[in-house]
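Input: a single structure, listed below in structure tokens.
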């Protein structure tokens, strides 16, 4: 596996490749990331991964400086997955001058849910993903359903900007107790880690309520929020949305069997966790 930081060297290395499968990450790789590499291999060859902790998608009071950086461990894991190239640019490589041009998603998708609580987050994501796509020029790219809203925004962005990249969705990988794998799980104390699976259990309860015939979605959401708060969480949202566009479903959508998803974000101690479950 070649480890490359220069954009020009990356382009030289990939010249002539027209079936590249790309997996962008921020590093601190876990089994969820590695499952993305394996899925990428099913859809293209060679597989290219990137590791870049993107300052543009962190808010002023978020964990950019604390975000775990484990490049050497990550390299060893990617070598075992037979990744062809790891693109690991420095901040100077990606942003040699102030990034004045930004890619901003539409407000109806980028300013809800995560976008409401993390202003500018999806503009940072879209900007860096567009730039990475321009560098790698993949045929397919793999994104996890764990970041459901991000997946939808990136997919729509590629469609609307006519980027010739097929976005492949990967299922969320979970620990045996149900907790979705995340690089931020390492922030959890032992007691918090024992409590953390309750987030996925709460989503499962929401799904059961909807599938069981309850139609007052606001009441279901409020019940879930209260349940988490009573256990010491600080939830930002528990929200049932249409999978197609993340708009809140009407009664007609529910009766018609519209595919839904419930999404949540909540703080446990100092650690903010997100998760979702399709209904």
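Cβ coordinates are placed from backbone N, Cα and C, and glycine is handled just like the others.
Quantities reported herein were computed from a predicted structural model and do not represent experimental measurements.
These come from Swiss-Prot:
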- 33: active site, proton donor (ACT_SITE)
- 26-33, 144-147, 173, 181-184: ATP binding site (BINDING)
- 57, 150: (R)-pantoate binding site (BINDING)
- 57: beta-alanine binding site (BINDING)
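Each residue contributes its Cα atom, and for residue 32 (ATP binding site) and residue 150 ((R)-pantoate binding site) those atoms are 16 Å apart. Considering only the recorded positions 33, 145, the Cβ with the fewest other Cβ atoms within 10 Å is that of 145. Comparing C-alpha positions, residue 173 (ATP binding site) sits nearest to 33 among the recorded positions 33, 57, 150. Taking Cβ-Cβ distances under 8 Å and a sequence gap of 6 or more within the same chain, the neighbours of residue 183 (ATP binding site) are 26, 27, 28, 30, 67, 68.
The 10 Å shell around the Cβ of residue 26 (ATP binding site) contains 17 further Cβ atoms across the protein chains shown. A Cα-Cα distance of 19 Å separates residue 57 ((R)-pantoate binding site) from residue 29 (ATP binding site).
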